[in-house]
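Sharing a structure, written as structure tokens. Questions coming.
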Amino acid sequence: TEMADSVAHKNGRQRKTVSLDMKLSDGKFGTEEEVLLDESDRAEGHPRARKGLRAELGNVSLLLFLYVLQGIPLGLAGSIPLILQSKNVSYTDQAYFSFVFWPFSLKLLWAPLVDAVYFKTFGRRKSWLVPTQYLLGVFMLYLSTKVDSLLESDGQKGPHIVTITAVFFMFEFLAATQDIAVDGWALTMLSRENVGYASTCNSVGQTAGYFLGNVLFLALESADFCNKYLRFEPKPKGIVTLSDFLFFWGIVFLVTTTLVAILKKENNKKSKPKEETQGVLETYEHLFSIIKMPTVLTFCVLLLTAKMGFSAADAVTGLKLVEEGVPKEQLALLAVPMVPLQILLPLIISKYTAGPRPLDIFYKAFPFRLLIGLGFALLVWWTPSVKQEGGFPVYYYIVVLISYAVHQVALYSMYVAVMAFHAKVSDPVIGGTYMTLLNTVTNLGGNWPSTLALWLVDPLTVKECQGAEGQTCGSPEEAGLCAKVGGSCVTVLDGYYVESIVCVVIGFGWWFWLGKKMKRLQEERPSAWQCRTAK
């Protein structure tokens, strides 16, 4: 739920994140599954002809398209907080909506079911992929008829947050389930020589889908952006409404899913019993046995608490900028120049995390990221003073872009270091389950502090009723009464700034005491990370 997400959407969200949004599924089965595929090929009793990429271009294109479809709900969910913020909803409401981004961090809970329960005649992966994509399409078509009324804010009555949250939570749950199915299918759809392209399809496809559902949508939905760049005559609305966008992609989901269901067959020859290495109960038993290990339990507690110091910067900053008048579509467009940086950073940083002590990089980047959080607070404080009648000057956006770029360097340094450590300690006997568990905990460690940070902004904010004696602004009702008698509520202390300082203090406390403990985990023997019951 990181800053990349909160600009291009939210925390991750999320990533997604992937979430870009830090997807759970990256490397989920990897080498272990490739070995299984290789063994199943040899079991055929004859050498298999090597396939070039061109021979499997159709399969690669299908995978890419499925990941693009997966990115659409993620992007749409990421755009809603910015739309809500432009409608002046409370941060408590934003906290409610942030639960929408949790399914991708919790999908390990039902992934074993998706992997083990299916109709053999229809196909192991299609048994889940086809129904979930149909449901996503139906959801979009239904929501296209209701979304305008759900987001309307008339007078004291704001958008229907609980309903919007419930609908988009189901959205993300279905997208996460589709992700599990597509990840599994990718490993058998492609030959062993080309299975490495699955992760490329994943990252490129989901990024493209997120871009379409978030950046492109917010730009085309904005009347100001369309009037300024795309029209000769100004109009009160953008080129595309949220209702139009949902209807279009709902039809796309239904049509393409029907084509996949009818035309695409699963390659059952590769779905040998050997691929089905464990059942549902066995997987859950393995998960429990991994978590009980002292080193893993300590590591999970550290992962769940490490991002508390970044929560205000990651979850609230983007929304505060919108509140201060920065157009939401301009914030979303800042994600575009970030894409090359997000591609290059992991490649550069991985050179320094490839050794025996990858968490050293995590430890070194930690305080810099905390200080960048204070820099974001200063950026929000500075924003009103540079606002002009026609918007914001170019140099302001350059400062914002540089701030986010510096943040990305610190964020990816920590992310790549943790992922490298996951790969280093994961027991190869149950590598897929082990790795996914650690990635799940990592993502959850970013989600809960972000939700809490959003929740606390309003309670920590102090407002006074000026122009009407004896009135207060402690609640929406009191604020309404203040306005009714001719006063106005003025913010005396913004909860965001309080949070920013408190988070940095907590962060440095964690770094000083627990960060060293995390570094010492690298000195544990390999046997301390091996799950004996799985052998």
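Cβ coordinates are placed from backbone N, Cα and C, and glycine is handled just like the others.
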If TrEMBL is the reference, give me the range from 209-228, 429-448, 449-468 marked as transmembrane segment.
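Transmembrane segment, as annotated by TrEMBL, spans 429-448.
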So, does the transmembrane segment (96-119) come close enough to the transmembrane segment (330-349) to give 3+ Cβ pairs below 8 Å, pairs being at least 6 apart in sequence?
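Between the transmembrane segment (330-349) and the transmembrane segment (96-119), contact is absent.
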For the transmembrane segment (361-382), I need the partner stretch with the highest count of C-beta pairs below 8 angstroms, choosing only from 60-84, 96-119, 245-263, 284-310, 429-448.
284-310
Short question: which residues 6 or more past the ends of the transmembrane segment (284-310) have a Cβ under 8 Å from it?
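Those are 2, 108, 112, 278, 369-370, 373, 418, 425, 427, 430, 433-434, 437-438, 441-442, 444-446, 448-449, 503-504, 506-508, 510-511, 514, 517-518, 521, 524, 528-529, 531, 533-534, in sequence order.
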Going along the chain, which residues at least six beyond the ends of the transmembrane segment (245-263) come within the CB cut-off of under 8 Å?
62, 65-66, 69, 72, 76, 126, 129-130, 133-134, 136-141, 143-144, 147, 213, 217, 220-221
Other than its close neighbours in sequence, what residues sit by the transmembrane segment (60-84), given a CB gap under 8 Å and a spacing of at least six beyond its ends?
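Tertiary neighbours of the transmembrane segment (60-84) are 5, 8-10, 13-19, 21, 53, 93-94, 97-98, 100-101, 104, 129, 133, 136, 151, 159, 161, 164, 168, 171-172, 174-175, 178-179, 182, 185-186, 189-190, 194, 197-198, 201-202, 204-215, 217-218, 242, 245-246, 249, 252-253, 256, 260, 264, 318-319, 322, 328, 331-332.
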Counting Cβ pairs under 8 Å to the transmembrane segment (429-448), which of 96-119, 128-145, 496-515 comes out on top?
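So the stretch in question is 96-119.
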Which residues, given as numbers and ranges, are at least 6 beyond the ends of the transmembrane segment (496-515) yet have a Cβ under 8 Å from it?
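Residues 302, 305-306, 308-313, 316, 320, 363, 366-367, 370-371, 373-374, 376-377, 380-381, 453, 456-457, 460-461.
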